[in-house]
Every structure is written in C-alpha cells, then in structure tokens.
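Participant: Quick one: this structure, given as structure tokens, is what I'll be asking you about.
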Amino acid sequence: MGSSSGQSGYDLSFKILLIGDSGVGKSSLLLSFISSSVEDLAPTIGVDFKIKQMKVRGKRLKLTIWDTAGQEKFRTLTSSYFRGSQGIILVYDVTKRETFLNLADIWAKEIELYSTNHDCIKMLVGNKVDRESERKVSREEGMALAKDLNCLFHECSARTRENVNGCFEELALKIMEVPSLLEEGSSSVKRKPDYRAHQGRCCSS
C-alpha cells in the first residue's frame, strides 16, 4: 500500500522507475542518490533496485527505485516493472543526442504501452552536465521535450552529484500531491488487480 503505520518506519511508500538507453548513467544516478559514492558501472543486466528512505514535508518516505536495462534484448523483461510505478524518470545523456531522441521515439511509447498508473509523475533528466564541453543537447531542447511529453524536467550530474537529490525530491513531492497515487500504493505483491489498466495511459504523445 502507499501508506504504512509508524511501526514500519515510514509513512508513504513509492515505486519509482528509471528508464532510458544503456550508458546514459541510470545506475550511476541511482548510486549517487543512495550513497555518496559514484563508480564507473557496468551496464545493468535485466533489472536492479535500491531502497532509499527520506523525509519530505514532514512525511517519512520509502522510495523503491527500479533501475532497468536499456538494451533492447532486455526490453520485454523490464516492461512488467512499469506496473504500479508512481514515478518514472526518463534519463538521457546530454553528450549523446541519440539517447535524447530515443526518449520520444522509444521510451515514452514504452510508458504508454506498459504503465498502469495514468496519473504517474514523469520526469525527464539530462545526465552528465559535468561534461559541458561535450554537450550535444541544449537545456532548452530538454525543456521543450519535457513539455511535449508532459514531464517535469531536470539536468544533473551523477558523477559530481549536482542536482541529483533535487530530481528525486521534486518527483516525490509531486507524487504526494496526487491523491490517486497515494491510494494506489506501490506494492505489486499485495495490490488488488488494477481494473484501470486499460482505461488510461501514463504518457501523452
């Protein structure tokens, strides 16, 4: 469920999904948020997840953050993890334009196909802004695409940790503002069948 008693150590539990091409820094972004260390990581095989507890506006939050593989061969495996997500972060590499273009061409369509929460909060995140001299996607382009896809927008650097916390904190805040997401809960094990699964889509085109 989305809420919990004090015995569990948190008030609200959210499921957040990280998606995007392989190599854009999804795993590094997650590691940077979870801990203070950042490493050069091998591509994720299938799906991994981490749990982070934080306090936002007086509420104790438990974030279960799923890190999905970006390679096409894992696409069918990761599609099931869209189910029940209250927040989805679409990550691209500001130094690789193809990863940006694929957000609309591939990843937004994946959300439309597989997400069961039509009210889920989406965020576009441009990673690797520490490599400014290699930038191939302007901030203005990122903001424009985010507007087109009805997403929040941030740029950050997993390596320097610049604005990493800000991304997750704003996403959590926006989820907290949507009553249907709080009622939905984030547990795919204990949830009731989602009768709305075919009635709404999370991502507008």
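Along the chain as shown, the residues are counted starting at 1.
Every residue, even glycine, has its Cβ placed from backbone N, Cα and C.
Here the structure is a predicted model, which means the values were calculated and not measured.
Summarising the annotation, Swiss-Prot assigns GTP binding site to 20-27, 67-71, 127-130, 157-158. The feature motif 'Effector region' is assigned by Swiss-Prot to 41-49. Annotation comment: Swiss-Prot describes CYS202, CYS203 as S-geranylgeranyl cysteine, evidence class similarity to another entry.
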Participant: Looking only at the motif 'Effector region' (41-49), what is the mean pLDDT?
Facilitator: 57
Participant: Of these binding-site residues, GLY20, GLY23, which scores lowest on Cβ atoms within 10 Å?
Facilitator: GLY23
Participant: When a 10 Å sphere is centred on the Cβ of ALA158 (GTP binding site), how many other Cβ atoms does it contain?
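Facilitator: The answer is 25.
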Participant: Would you mind checking how many other C-beta atoms are within 10 angstroms of the C-beta on THR68 (GTP binding site)?
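Facilitator: Counting Cβ neighbours of THR68 (GTP binding site) within 10 Å gives 25.
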Participant: Once the DSSP letters are reduced so that anything not helix or strand counts as coil, what is LYS26 (GTP binding site)?
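Facilitator: For LYS26 (GTP binding site) - judged by DSSP and reduced to three states - the answer is helix.
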Participant: Here are the binding-site residues: LYS26, VAL129. Which has the lowest count of other Cβ atoms within 10 Å?
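Facilitator: Sparsest of the binding-site residues LYS26, VAL129 by Cβ contacts within 10 Å: VAL129.
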